[in-house]
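Visitor: The following feature annotations were taken from Swiss-Prot:
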- 5-84: repeat 'Solcar 1' (REPEAT)
- 102-186: repeat 'Solcar 2' (REPEAT)
- 208-292: repeat 'Solcar 3' (REPEAT)
- 11-36: transmembrane segment (TRANSMEM)
- 59-85: transmembrane segment (TRANSMEM)
- 108-133: transmembrane segment (TRANSMEM)
- 161-184: transmembrane segment (TRANSMEM)
- 212-238: transmembrane segment (TRANSMEM)
- 267-285: transmembrane segment (TRANSMEM)
Amino acid sequence: MSEQRRATTHLIGGFSGGLVSAIILQPFDLLKTRLQQDKTSTLWKTLKSIETPSQLWRGALPSCIRTSVGSAMYLTMLNSIRQAISKGKNTGSTGSSYLPQLNMYENMFSGAVTRALTGLITMPITVIKVRYESTLYQYTSLRYATSHIFRTEGLRGFFRGFGATALRDAPYAGLYMLFYDRMKVLVPTLLPSNVVKLNSDNRYSTYASTLINGSSAFSAAVIATSITAPFDTVKTRMQLEPAKFHSFTSTFWHIATKESVRNLFAGISLRLTRKAFSAGIAWGIYEEIVKKFV
């Protein structure tokens with residue numbers, strides 16, 4: 001297969017997985033944003049403020065654009081970096097995946113660098129999405145949201161909170177890739193032997209590999225999300241209240257000392273749920289598309 005077709009396959013796989021997960025899990029993202037914007041809010045109070053079910057999908061369009069395009073870019077770049085690292089090395093792969101296995105440091109490096117680059121490129125969409133989901137801004141359309149940010153803050157406004165985002169996403173992606181690679185080896189040992197039978201090509205069935213990859217992605221996301229949760233809260237505050245919160249350090253210190261350390265983990269249950277299921281869905285779809293067409 002040509003390199004161009006191989007890259008296209010990774011683009012389509014990443015886009016498809018990201019789009020499906022974004023549509024299904026948008027309500028969790030919206031509730032998380034609103035919980036983080038108000039230090040006194042609770043999940044129950046936030047749910048009561050939702051007037052119609054359709055409001056749970058407010059901000060779905062920028063979320064779908066960011067997640068699908070971001071996922072396509074991320075997974076394509078990630079594969080290129082991982083292939084470059086593994087070139088000339090006998091890295092091998094697991095029975096559920098065609099992706100090369102790397103060591104701990106290579107996994108963390110490839111995930112962190114790729115996520116930071118993708119985050120920078122998709123940052124304007126992220127800022128618009130967060131503001132649109134929030135009740136602090138009464139944006140009536142994405143066009144108005146975009147023009148308002150540009151008019152009041154300039155181009156810099158579209159990259160508000162990038163430092164905190166990079167500090168959250170780069171370690172998250174590095175940790176995620178580390179645990180995901182390890183889980184793909186561990187999960188088959190925990191499943192019934194009749195489920196994880198290898199075929200003549202030393203590969204698992206579509207059902208088994210989807211189960212293994214989805215479960216591995218889910219577990220890896222739970223661990224990585226728990227560790228990086230405070231960075232997400234700081235990032236959201238900086239994007240919602242730029243006049244009050246100017247830097248990562250001052251925002252982190254304000255929340256930890258003026259409010260409570262617990263507030264650094266505001267919305268973690270929703271973020272855990274969304275990130276875990278998002279990873280399970282997106283990587284499950286992505287891995288199967290790559291297996292079918294690469």
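Backbone N, Cα and C define each Cβ position, glycine as well.
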Visitor: Under a Cβ pair cut-off of under 8 Å, which of the recorded stretches 59-85, 108-133, 212-238 contacts the transmembrane segment (267-285) most often?
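Guide: Counting Cβ pairs under 8 Å, the winner is 212-238.
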Visitor: Please work out the helix, strand and coil residue numbers for the repeat 'Solcar 1' (5-84) from the DSSP assignment.
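Guide: The composition, in the requested order, is 69 helix, 0 strand, 11 coil.
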